[in-house]
Amino acid sequence: MIAVVGAGAFGTALAVVLAREGRGVTLWARDKAQVAAMRDIRRNDRLPGVTLPDNLSVTADLAAAARQPTILLCLPTQALGAFLDAEGPGWSGRLVACCKGVDLTTLRGPTALIERACPAAIPAIITGPSFAADIARGLPTALTLACTDEAAGVELQREMSTATLRLYRTADVTGAELGGALKNVIAIAAGVVIGAGLGESARAALMTRGYAEMVRLAIALGARAETLAGLSGFGDLVLTCSSDQSRNFRFGLSLGRGEGFDAKVTVEGAATARAVTRLSAGMGVEMPITAVVAALIAGDITVPQAMHSLLSRPLKQE
Ligand SMILES: NC(=O)C1=CN([C@@H]2O[C@H](COP(=O)(O)OP(=O)(O)OC[C@H]3O[C@@H](n4cnc5c(N)ncnc54)[C@H](OP(=O)(O)O)[C@@H]3O)[C@@H](O)[C@H]2O)C=CC1
Ligand SMILES: O=C(CO)COP(=O)(O)O
């Protein structure tokens, strides 16, 4: 039995695709009115156009959800730490982070937040290129499942793979979670470039040099470079920097155009840019694109200043 904690776009999509495959799934939301509506009309406004299968149970009872052997944590990264600290002590079983980011308070990834709050649990993460709408439509999708406990990783891979959702497995949790977190920052930068009319060539340059700085930090934190070259890093970087289905990319577009953006939309890369700028500065790892994105979002620099600061860096070997 699988519990999905968080009925946003991603949690709902995972719950739907797993339930359609005949797996026992319970979807938990904190908002009782949302739970009642999902039960009544078998739809969720967070994922428009998708019908919830009849065999998908929906609940507002967190204690019941937390008793399941596999729990998918589908909350934004910045909400996860406080949520788990309040609710998670005592939770055991396989706890799978389904979010992408670096926590601003601890400068750690989602699995470290699980370890801190739920010492009896086995932490894992699912990440990689996938839009919730694509997963829910049953379009083919491949993701990375990272877990240091091999037996739990094998079990999760089996439990969560479906006819259209293919999971690859790795023990490199640090690499997988950093790939997913850092690509969102580069996607904001890519959006800025396109929004400001700086051209496709500049976007390709930013993606490539962005990837270089993703790998640099990941290696410094003990990850394998190969993991960054996989679905969770390179794969998701390509998707998120090139599609305006991405909220991070669209946020960047708005920044580049000098327009506002709906603050209620989940844009993980914004907080992660701040967190990673602090983290990398503390470690002495150069991440110029990430630093520029953080400064742009804070309003400390303009787009022309951001462009100038990247182009005027000392010339170097690739
Ligand atoms: N959408 C996508 O295509 C994909 C998203 N992801 C990742 O999934 C994660 C979640 O994103 P997504 O589902 O899209 O986001 P949404 O904005 O659609 O949903 C966020 C969900 O988290 C809930 N939530 C937020 N804060 C809390 C809290 N403190 N306690 C309990 N519930 C809370 C919200 O509840 P409420 O409605 O009550 O506020 C909502 O159900 C992100 O890290 C994202 O990067 C990964 C791959 C694809
Ligand atoms: O992570 C995602 C795709 O893999 C979703 O991207 P956004 O959060 O930018 O919409």
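A Cβ is built for glycine as well, from the same backbone N, Cα and C atoms used for every other residue.
According to TrEMBL, the features are:
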{"type": "DOMAIN", "residues": "2-151", "note": "domain 'Glycerol-3-phosphate dehydrogenase NAD-dependent N-terminal'"}
{"type": "BINDING", "residues": "Gly6, Ala7, Gly8, Ala9, Phe10, Gly11, Ala132, Arg247", "note": "NAD(+) binding site"}
{"type": "BINDING", "residues": "Phe10, Arg30, Lys100, Ala132, Arg247, Glu268", "note": "NADPH binding site"}
{"type": "BINDING", "residues": "Lys100, Arg247, Asn248", "note": "substrate binding site"}
{"type": "BINDING", "residues": "Lys100, Gly128, Ser130, Lys183, Asp236, Ser246, Arg247, Asn248", "note": "sn-glycerol 3-phosphate binding site"}
{"type": "DOMAIN", "residues": "172-307", "note": "domain 'Glycerol-3-phosphate dehydrogenase NAD-dependent C-terminal'"}
{"type": "ACT_SITE", "residues": "Lys183", "note": "active site, proton acceptor"}
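Between the CA atoms of Asn248 (substrate binding site) and Glu268 (NADPH binding site) there is a gap of 7 Å. A C-beta separation below 8 Å, combined with a sequence spacing of at least six in one chain, links Gly6 (NAD(+) binding site) to Trp28, Ala29, Leu73, Cys74, Leu75, Cys98. Residue pairs drawn from Lys100, Arg247, Asn248, the listed substrate binders, are separated by up to 13 Å at the Cα level. In this view, Lys100 (NADPH binding site) is surrounded by 30 other Cβ atoms within 10 Å of its Cβ, with every protein chain counted. Between the CA atoms of Phe10 (NAD(+) binding site) and Lys100 (NADPH binding site) there is a gap of 11 Å. The least crowded of the binding-site residues Gly8, Gly11, Gly128, judged by other CB atoms within 10 A of its own CB, is Gly8. In this structure, of the binding-site residues Asp236, Glu268, the smallest number of CB atoms within 10 A of the CB marks Glu268. Comparing the binding-site residues Ser130, Ser246, Asn248 on other C-beta atoms within 10 angstroms of each C-beta gives the minimum for Ser130. Local packing around the Cβ, expressed as the count of other Cβ atoms within 10 angstroms, is greatest for Lys183 among the binding-site residues Arg30, Lys183, Arg247.
Taking a Cβ distance under 6 Å to any atom of ligand 1 as the criterion, the binding-site residues Lys183, Asp236, Ser246, Arg247 reduce to none. Counted over every protein chain shown, other Cβ atoms within 10 Å are most numerous around Ala7 among the binding-site residues Ala7, Ala9, Ala132. Neighbours of Phe10 (NAD(+) binding site), defined as other CB atoms within 10 A of its CB across all chains, total 26. Listed in sequence order, the binding-site residues among Ala132, Ser246, Arg247 whose CB lies under 6 angstroms from an atom of ligand 2 come out as Ser246, Arg247. Ala9 (NAD(+) binding site) sits 19 Å from Lys183 (sn-glycerol 3-phosphate binding site), taking the Cα positions as reference.
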